[in-house]
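**Student:** Before I ask anything, let me first share the structure, which is written out below as C-alpha coordinates.
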Amino acid sequence: MNVFRISGDVSHLLAIIILLLKMWKSKSCAGISGKSQLLFALVFTTRYLDLFTVFISAYNTVMKIVFLVCAYVTVYLIYGKFRKAYDSENDTFRLEFLLVPVIGLSFLENYEFTPLEILWTFSIYLESVAILPQLFMISKTGEAESITTHYLFFLGLYRVLYLANWIWRYHTEKFYDQIAVVSGVVQTIFYFDFFYLYITKVLKGKKLSLPMPV
(Lines of atoms letter the chains of each structure in order from A and count residues from 1; the text may use other names and numbers.)
(Lines give C-alpha, C1' and ligand atoms only; values in the text may rest on other atoms or scores of the structure.)
Protein backbone atom coordinates (compact mmCIF):
# COMPACT_ATOMS: atom_id res chain seq x y z
CA MET A 1 0.00 0.00 0.00
CA ASN A 2 1.26 3.49 -0.82
CA VAL A 3 0.53 7.08 0.12
CA PHE A 4 -1.69 7.62 -2.95
CA ARG A 5 -3.93 4.69 -2.03
CA ILE A 6 -4.24 5.81 1.60
CA SER A 7 -4.83 9.44 0.59
CA GLY A 8 -7.46 8.30 -1.90
CA ASP A 9 -9.27 6.28 0.75
CA VAL A 10 -9.15 9.22 3.18
CA SER A 11 -10.51 11.56 0.51
CA HIS A 12 -13.29 9.09 -0.30
CA LEU A 13 -14.18 8.74 3.37
CA LEU A 14 -14.15 12.53 3.83
CA ALA A 15 -16.57 12.92 0.92
CA ILE A 16 -19.00 10.48 2.51
CA ILE A 17 -18.67 12.06 5.97
CA ILE A 18 -19.30 15.53 4.50
CA LEU A 19 -22.43 14.24 2.78
CA LEU A 20 -23.78 12.47 5.87
CA LEU A 21 -23.07 15.44 8.16
CA LYS A 22 -24.71 17.79 5.68
CA MET A 23 -27.90 15.75 5.68
CA TRP A 24 -27.92 15.11 9.42
CA LYS A 25 -27.30 18.73 10.45
CA SER A 26 -29.76 20.22 7.97
CA LYS A 27 -32.30 17.40 8.44
CA SER A 28 -32.59 17.45 4.67
CA CYS A 29 -31.29 15.70 1.59
CA ALA A 30 -32.11 18.57 -0.76
CA GLY A 31 -29.72 18.79 -3.68
CA ILE A 32 -28.52 15.20 -3.28
CA SER A 33 -29.23 12.64 -5.99
CA GLY A 34 -30.74 9.56 -4.41
CA LYS A 35 -30.14 7.73 -7.67
CA SER A 36 -26.39 8.32 -7.51
CA GLN A 37 -26.36 7.09 -3.90
CA LEU A 38 -28.29 3.96 -4.87
CA LEU A 39 -25.70 3.27 -7.56
CA PHE A 40 -22.83 3.74 -5.09
CA ALA A 41 -24.52 1.33 -2.66
CA LEU A 42 -24.78 -1.17 -5.51
CA VAL A 43 -21.11 -0.57 -6.36
CA PHE A 44 -19.94 -1.41 -2.84
CA THR A 45 -22.30 -4.38 -2.51
CA THR A 46 -21.12 -6.09 -5.70
CA ARG A 47 -17.46 -5.23 -5.12
CA TYR A 48 -17.25 -6.45 -1.53
CA LEU A 49 -19.04 -9.79 -1.83
CA ASP A 50 -15.67 -11.36 -0.99
CA LEU A 51 -15.69 -9.65 2.41
CA PHE A 52 -16.01 -12.90 4.34
CA THR A 53 -14.07 -15.14 1.96
CA VAL A 54 -10.93 -13.18 1.12
CA PHE A 55 -8.73 -11.51 3.75
CA ILE A 56 -6.05 -9.08 2.59
CA SER A 57 -5.50 -6.95 5.68
CA ALA A 58 -7.38 -5.57 8.67
CA TYR A 59 -7.27 -2.12 7.03
CA ASN A 60 -8.84 -3.48 3.85
CA THR A 61 -11.60 -5.30 5.72
CA VAL A 62 -12.45 -2.33 7.96
CA MET A 63 -12.61 0.07 5.01
CA LYS A 64 -14.93 -2.29 3.11
CA ILE A 65 -17.31 -2.47 6.06
CA VAL A 66 -17.20 1.31 6.61
CA PHE A 67 -18.00 2.09 2.97
CA LEU A 68 -20.82 -0.47 2.88
CA VAL A 69 -22.42 0.82 6.07
CA CYS A 70 -22.08 4.47 5.04
CA ALA A 71 -23.58 3.76 1.61
CA TYR A 72 -26.70 2.17 3.05
CA VAL A 73 -27.06 4.78 5.79
CA THR A 74 -26.98 7.45 3.08
CA VAL A 75 -29.66 5.66 1.05
CA TYR A 76 -31.80 5.27 4.19
CA LEU A 77 -31.53 8.97 5.04
CA ILE A 78 -32.56 9.99 1.52
CA TYR A 79 -35.40 7.53 0.94
CA GLY A 80 -36.39 7.05 4.57
CA LYS A 81 -35.75 9.59 7.30
CA PHE A 82 -35.55 12.70 5.08
CA ARG A 83 -37.66 11.49 2.15
CA LYS A 84 -39.96 14.53 2.34
CA ALA A 85 -37.01 16.75 1.39
CA TYR A 86 -35.90 14.50 -1.48
CA ASP A 87 -36.03 16.38 -4.78
CA SER A 88 -37.44 13.61 -6.96
CA GLU A 89 -38.63 16.11 -9.56
CA ASN A 90 -35.05 16.97 -10.50
CA ASP A 91 -33.45 13.59 -9.81
CA THR A 92 -34.69 12.17 -13.09
CA PHE A 93 -31.66 10.54 -14.71
CA ARG A 94 -32.68 7.21 -16.32
CA LEU A 95 -30.63 4.57 -14.48
CA GLU A 96 -31.23 1.95 -17.15
CA PHE A 97 -29.10 4.06 -19.50
CA LEU A 98 -26.18 3.24 -17.20
CA LEU A 99 -27.07 -0.20 -15.85
CA VAL A 100 -27.82 -1.95 -19.16
CA PRO A 101 -24.50 -1.13 -20.91
CA VAL A 102 -22.51 -1.67 -17.70
CA ILE A 103 -24.04 -5.13 -17.21
CA GLY A 104 -23.35 -6.04 -20.83
CA LEU A 105 -19.77 -4.78 -20.68
CA SER A 106 -19.15 -6.69 -17.45
CA PHE A 107 -19.92 -9.97 -19.21
CA LEU A 108 -17.86 -9.07 -22.28
CA GLU A 109 -14.77 -7.53 -20.65
CA ASN A 110 -13.56 -9.18 -17.44
CA TYR A 111 -10.55 -11.10 -16.17
CA GLU A 112 -12.34 -14.33 -15.33
CA PHE A 113 -15.83 -15.56 -16.21
CA THR A 114 -16.95 -16.34 -12.66
CA PRO A 115 -19.82 -14.77 -10.67
CA LEU A 116 -17.60 -12.90 -8.20
CA GLU A 117 -15.24 -11.64 -10.90
CA ILE A 118 -18.08 -10.46 -13.14
CA LEU A 119 -19.71 -8.66 -10.20
CA TRP A 120 -16.38 -7.06 -9.26
CA THR A 121 -15.94 -5.89 -12.86
CA PHE A 122 -19.53 -4.61 -12.85
CA SER A 123 -18.76 -2.55 -9.73
CA ILE A 124 -15.70 -0.96 -11.34
CA TYR A 125 -17.57 -0.01 -14.51
CA LEU A 126 -20.60 1.23 -12.56
CA GLU A 127 -18.53 3.39 -10.22
CA SER A 128 -17.09 5.24 -13.21
CA VAL A 129 -20.57 6.52 -14.16
CA ALA A 130 -22.42 6.47 -10.81
CA ILE A 131 -21.94 10.20 -10.28
CA LEU A 132 -23.74 11.13 -13.51
CA PRO A 133 -27.24 11.36 -11.93
CA GLN A 134 -25.82 13.85 -9.39
CA LEU A 135 -24.12 15.95 -12.07
CA PHE A 136 -27.28 15.79 -14.18
CA MET A 137 -29.34 16.95 -11.22
CA ILE A 138 -27.02 19.92 -10.66
CA SER A 139 -27.16 20.88 -14.34
CA LYS A 140 -30.95 20.60 -14.26
CA THR A 141 -31.39 22.86 -11.23
CA GLY A 142 -28.60 25.17 -12.37
CA GLU A 143 -26.76 25.34 -9.05
CA ALA A 144 -25.42 23.37 -6.09
CA GLU A 145 -25.02 24.07 -2.38
CA SER A 146 -21.46 24.62 -1.14
CA ILE A 147 -21.53 21.46 1.01
CA THR A 148 -22.60 19.40 -2.00
CA THR A 149 -19.74 20.82 -4.03
CA HIS A 150 -17.25 19.97 -1.26
CA TYR A 151 -18.60 16.41 -1.29
CA LEU A 152 -18.13 16.18 -5.05
CA PHE A 153 -14.65 17.69 -4.87
CA PHE A 154 -13.37 15.09 -2.42
CA LEU A 155 -15.09 12.34 -4.38
CA GLY A 156 -13.30 13.49 -7.52
CA LEU A 157 -10.02 13.89 -5.65
CA TYR A 158 -10.33 10.30 -4.46
CA ARG A 159 -10.45 9.11 -8.05
CA VAL A 160 -7.49 11.28 -9.11
CA LEU A 161 -5.42 9.90 -6.21
CA TYR A 162 -6.34 6.35 -7.15
CA LEU A 163 -5.12 6.99 -10.69
CA ALA A 164 -1.84 8.17 -9.17
CA ASN A 165 -1.87 4.96 -7.13
CA TRP A 166 -2.11 2.85 -10.29
CA ILE A 167 0.70 4.81 -11.94
CA TRP A 168 2.87 4.34 -8.85
CA ARG A 169 2.14 0.62 -8.70
CA TYR A 170 3.03 0.21 -12.35
CA HIS A 171 6.27 2.12 -11.78
CA THR A 172 7.28 0.19 -8.65
CA GLU A 173 5.60 -3.21 -9.10
CA LYS A 174 4.98 -3.40 -12.85
CA PHE A 175 1.34 -4.03 -11.92
CA TYR A 176 -1.31 -2.84 -14.35
CA ASP A 177 -5.07 -3.30 -13.97
CA GLN A 178 -6.52 -2.22 -17.30
CA ILE A 179 -10.17 -2.35 -16.23
CA ALA A 180 -9.59 -0.25 -13.11
CA VAL A 181 -7.33 2.27 -14.85
CA VAL A 182 -9.54 2.85 -17.90
CA SER A 183 -12.66 3.12 -15.73
CA GLY A 184 -10.83 5.52 -13.41
CA VAL A 185 -9.82 7.73 -16.32
CA VAL A 186 -13.43 7.84 -17.56
CA GLN A 187 -14.67 8.74 -14.09
CA THR A 188 -12.05 11.48 -13.68
CA ILE A 189 -13.01 13.05 -17.02
CA PHE A 190 -16.56 13.56 -15.73
CA TYR A 191 -15.14 15.72 -12.94
CA PHE A 192 -12.96 18.02 -15.06
CA ASP A 193 -15.55 20.78 -15.57
CA PHE A 194 -16.61 20.52 -11.95
CA PHE A 195 -12.99 20.87 -10.72
CA TYR A 196 -12.59 24.02 -12.80
CA LEU A 197 -15.77 25.58 -11.41
CA TYR A 198 -14.88 24.50 -7.87
CA ILE A 199 -11.49 26.22 -8.03
CA THR A 200 -12.67 29.37 -9.80
CA LYS A 201 -15.94 29.87 -7.90
CA VAL A 202 -16.49 27.80 -4.75
CA LEU A 203 -13.02 28.40 -3.29
CA LYS A 204 -13.57 32.13 -3.82
CA GLY A 205 -16.82 32.06 -1.88
CA LYS A 206 -19.10 32.15 -4.90
CA LYS A 207 -22.00 29.79 -5.49
CA LEU A 208 -21.46 27.10 -8.07
CA SER A 209 -23.91 27.36 -10.92
CA LEU A 210 -24.16 25.46 -14.17
CA PRO A 211 -25.98 26.31 -17.38
CA MET A 212 -29.39 24.68 -17.36
CA PRO A 213 -30.09 22.19 -20.16
CA VAL A 214 -32.32 23.40 -22.98
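Including glycine, each Cβ sits where the backbone N, Cα and C put it.
Quantities reported herein were computed from a predicted structural model and do not represent experimental measurements.
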**Student:** Sharing a topological domain in Swiss-Prot means sharing a membrane side, so do PHE4 and ASP87 qualify?
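**Tutor:** Going by Swiss-Prot, PHE4 and ASP87 are on opposing faces of the membrane.
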**Student:** With CB pairs under 8 Å as the measure, which of the listed stretches 93-110, 117-135, 150-168 comes out on top against the transmembrane segment (33-52)?
**Tutor:** 117-135
**Student:** Any idea what the Cα distance is from ARG5 (site 'Interaction with the K-D-E-L motif on target proteins') over to GLU117 (site 'Interaction with the K-D-E-L motif on target proteins'), rounded to a whole Å?
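**Tutor:** Checking the Cα atoms of ARG5 (site 'Interaction with the K-D-E-L motif on target proteins') and GLU117 (site 'Interaction with the K-D-E-L motif on target proteins') gives a distance of 22 Å.
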**Student:** State the count of C-beta atoms found within 10 angstroms of the C-beta of ARG5 (site 'Interaction with the K-D-E-L motif on target proteins'), not counting that atom itself.
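**Tutor:** I get 17 for this one.
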**Student:** Taking the Cβ of GLU117 (site 'Interaction with the K-D-E-L motif on target proteins') as centre, how many other Cβ atoms lie within 10 Å?
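**Tutor:** Excluding its own Cβ, the number within 10 Å is 14.
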**Student:** Ranking 5-24, 59-79, 117-135, 150-168 by Cβ pairs under 8 Å to the transmembrane segment (179-199), which is first?
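**Tutor:** Highest pair count goes to 150-168.
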